[in-house]
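Now, the feature entries from TrEMBL:
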DOMAIN    10-251  domain 'IspG TIM-barrel'
DOMAIN    266-352  domain 'IspG C-terminal'
BINDING   C269, C272, C304, E311  [4Fe-4S] cluster binding site
Amino acid sequence: MFPKIKRKKTKVVKVGSVLIGGENPIRVQSMTNTDTRDVKATLEQIYKLHYAGCEIIRVTIPDEKAVSALKEITKKSPMPVIADLHFVTSLGEKAVKAGIAGIRINPGTFKNLKNLDRLIEVCKDYGVCIRIGINAGSLETKILKKYKTPTPSAMVESAINWVNYIVEKFDYQNIKVSLKSSNWWDTVKAYELFSKKSDFPLHIGVTEAGGLIPGTIKNTMAITYLLLKGIGDTLRVSLTADPVEEVYVAYEILRNLGLRTLHPDIIACPMCGRCEIDLMKLYREVENWAKNVKANLRLAVMGCIVNGPGEAKHADLGITGGKGVGIIFREGKIIKKVPEDQLLNEFFKEIETFLKEHPERLINL
Ligand code: SF4
């Protein structure tokens, strides 16, 4: 059972070949942390992220060299590339011409409106999606003067002003919006408020969320809260960690809400005194294996023969063992006993057999 979620019907926008908003799946994106000027390292990371399930990738463009590298990166990337632009609009114009599918700007940080106008014109000419990325830490002065602090209302006013500016002055609607703050509650309040006032699609997530554990918790709280309310069309789980982890966490959140599945779900017992097998090692190995599999499967890794198969009978397949014997079970019934050192190999073979019998469980992104 999953919660019933009624997604808000936002406008559909296009980042290259990927549609965002409306009834399209909630898209998972991430950002490279390589030096964009290093084409090889950046493409390597992009491919790893793509393989993990990332659908849109953002890269930073700090200078001309990074923009020059973009040509090859956009050509060889297996997914649409978004450029992250700060301060220098001319870099953005060149990035558009280098083949990016989207650009992330924080309009309040651009002092020269004429330059910004030119960038928007170029984006429109090339059909590049513009993300208006409002950040609580860099709101424009006139909004800050009005609100004193970067409250959710201040962030939303800034976002709405910029959306209207682009729509009215340029008649351009390929826009999505993010409203980020490192405080997860301010973040969700800003998104909720924006969602009441506008139909433009939202890129959700908490910025500067921290490392794997605290960052996952903060992001999960905010993203889950919003998705349960039907808000959010694409997401990035920002973590101070390998960006591949961002993608795994994103799918974990989406799966647990019944919104999207990509990798197998693994259930495991917390272990107790009955456990007679190296469960943590087994779990880690199954988890690493499952990251390379795209299928709607539930696997179980349990600590003892007495209770494991029964406790995990809702899993498609599972393993347990003890005293040198490994047990494989399917839908709660023991199907194989093998020496413990052959348990994983045999388990993976059984999963292959299961997937051959149930090809509908395989997922193509
Ligand atoms: S499956 Fe066995 S080892 Fe794991 S928690 Fe249950 S009783 Fe304990």
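Quick reminder: no glycine exception, Cβ is built from N, Cα and C everywhere.
Other residues of the same chain near the [4Fe-4S] cluster site, with their Cβ within 8 Å of the Cβ centroid of C269, C272, C304, E311, are P270, M271, R274, C275, M302, G303, N307, G308. Each of the binding-site residues C269, C272, C304 was scored by the number of other CB atoms within 10 A of its CB, and the lowest score belongs to C272. Around the Cβ of E311 ([4Fe-4S] cluster binding site), the number of neighbouring Cβ atoms within 10 Å comes to 18. Taking DSSP states H, G and I as helix and E and B as strand, the domain 'IspG C-terminal' (266-352) has 29 helix, 28 strand, 30 coil.
Here the domain 'IspG TIM-barrel' (10-251) returns a mean pLDDT of 96 for the predicted model.
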